[in-house]
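In what follows, a single structure is set out as structure tokens and then discussed.
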Amino acid sequence: MTKNVLVLPGDGIGPEIVTEAVKVLGTLNLDIEIDSALVGGSAVDATGNPLPEETLNKARSADAILLGAVGGPKWDGNPMESRPEKGLLGLRSELELFANFRPAILYPQLAEASTLKPEVVSGLDILIVRELTGGIYFGQPRGIRTLENGEREGYNTYVYSESEIRRIGRQAFEAAQKRGKRLCSVDKSNVLEVTVLWKEVMEELAKEYPDVELSHMLVDNAAMQLVRAPKQFDVVVTGNMFGDILSDAAAMLTGSIGMLPSASLDKDGKGMYEPCHGSAPDIAGQGKANPLATILSVAMMLRYSLDESAAADRIEAAVQKVLDQGLRTGDIMSEGCTLVSTEEMGDAVVAAL
Ligand code: IPM
Ligand code: MG
């Protein structure tokens, strides 16, 4: 049966990297129909809304969604409701994509590209499981209010219900079962009650997964351990905001955030796939962006939502091959390699396929 993929290029380098990823997808000759729609700043410009109704409807009916990136300085001054990021957050929450998987794998070819010593990062393979539709990103009440004395006050609410913690916890335990069977839950339970509950629920769940070794770490220590000795981690599970921050740190261990794909899944495995990086407005339109994170996101999409794991394996092998050939975009460039453009990198992956 034909599968439907909705492509949302977004802003900045989004359109460039998505073009390459779609090219790679097209090379596989699968029974997939591709549609596209606007999201983020480009949607604000065209319709005034970062997540137009039409985009949301198409997203609801698609089998999977591939997103580039959203945001840019052009819209930074917009009120919160019409910021590009609202489009992305709206998709995540409307589609209930609560489980965000961010694998940080160091390709051996890129050991030199990491800012950390090769011995610290070589062989790195960690998975960050980030809760994506709750926590302080979505908690109510929120806003900026004026107090009686005339001073303004900004406030957000960090809240998680037991069921929200349990469902992301299960995803993380199950992911750990398929990998190294170690799960580290990251919290701030020395200060924040919401994460005291988080920790308790993880402990309860651990009883159901006796084959997985559960540990806990405070988020500040986790940030330090990630750059000190990252290989101690197998699977990390954490809330929305901590996961946002730690996944950027983890990305840099692998040489470049331009290498990191991600999957955001609902309870039935329907998903949205996007690179972990942002829209990089400083290099947009210059052919400098690394399309590999988006191409690797296509591989995750084939594996998790489209039941095409053989095709996913082929893409990942093709990426290895172009790295073996010494082809590099600027972000992962090192001595003796060949600097290529966004398009040349996409073409090389297609040729390797
Ligand atoms: C990410 C991004 C987003 C987030 C932004 C663009 C809203 O940083 O996917 O990590 O904070 O979740
Ligand atoms: Mg982020």
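From the backbone N, Cα and C atoms, a Cβ is placed for every residue, glycine too.
Straight from TrEMBL, the features:
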type: BINDING; residues: 72-85, 278-290; note: NAD(+) binding site
type: BINDING; residues: ARG92, ARG102, ARG130, ASP220; note: substrate binding site
type: BINDING; residues: ASP220, ASP244, ASP248; note: Mg(2+) binding site
type: DOMAIN; residues: 4-349; note: domain 'Isopropylmalate dehydrogenase-like'
type: SITE; residues: TYR137; note: site 'Important for catalysis'
type: SITE; residues: LYS188; note: site 'Important for catalysis'
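Here the features listed in TrEMBL are painted onto the structure.
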residue	record	DSSP (3 states)
GLY72	NAD(+) binding site	coil
ARG92	substrate binding site	helix
TYR137	site 'Important for catalysis'	helix
LYS188	site 'Important for catalysis'	coil
ASP220	substrate binding site	helix
ASP244	Mg(2+) binding site	helix
ALA280	NAD(+) binding site	coil
LYS288	NAD(+) binding site	coil
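Cα spacing between ARG102 (substrate binding site) and ASP248 (Mg(2+) binding site): 10 Å, rounded to the nearest whole number. Of the recorded residues, ARG130 (substrate binding site) and ALA280 (NAD(+) binding site) place their C-alpha atoms 22 Å from one another.
The shortest Cα-Cα distance from ASP220 (substrate binding site) to any of the recorded positions (ASP76, TYR137, ASP248, ALA280) is found for ASP248. Ligand 2 lies under 6 Å from the Cβ of none of the binding-site residues ARG92, ARG102, ALA284. A 10 Å cutoff on Cβ-Cβ distances gives LYS188 (site 'Important for catalysis') a total of 19 other Cβ atoms nearby, all chains included. With respect to Cβ neighbours within 10 Å, the binding-site residues ARG92, ARG102 differ, and ARG92 shows the lowest count. Compute the center of the Cβ atoms of ASP220, ASP244, ASP248, which mark the site for Mg(2+); besides them, the chain residues with Cβ within 8 Å of that center are VAL219, ALA223, MET241, PHE242, GLY243, ILE245, LEU246, SER247, ALA249. Taken residue by residue with DSSP, ARG130 (substrate binding site) is part of a strand. In the three-state DSSP scheme, MET80 (NAD(+) binding site) is classed as helix. Spacing of ASP76 (NAD(+) binding site) relative to ARG92 (substrate binding site) is 21 Å (Cα to Cα, whole number). With a cut-off of under 6 Å between the Cβ and any atom of ligand 1, the recorded positions ASP76, MET80, ARG92, TYR137, ASP244, ASP248 reduce to ASP244.
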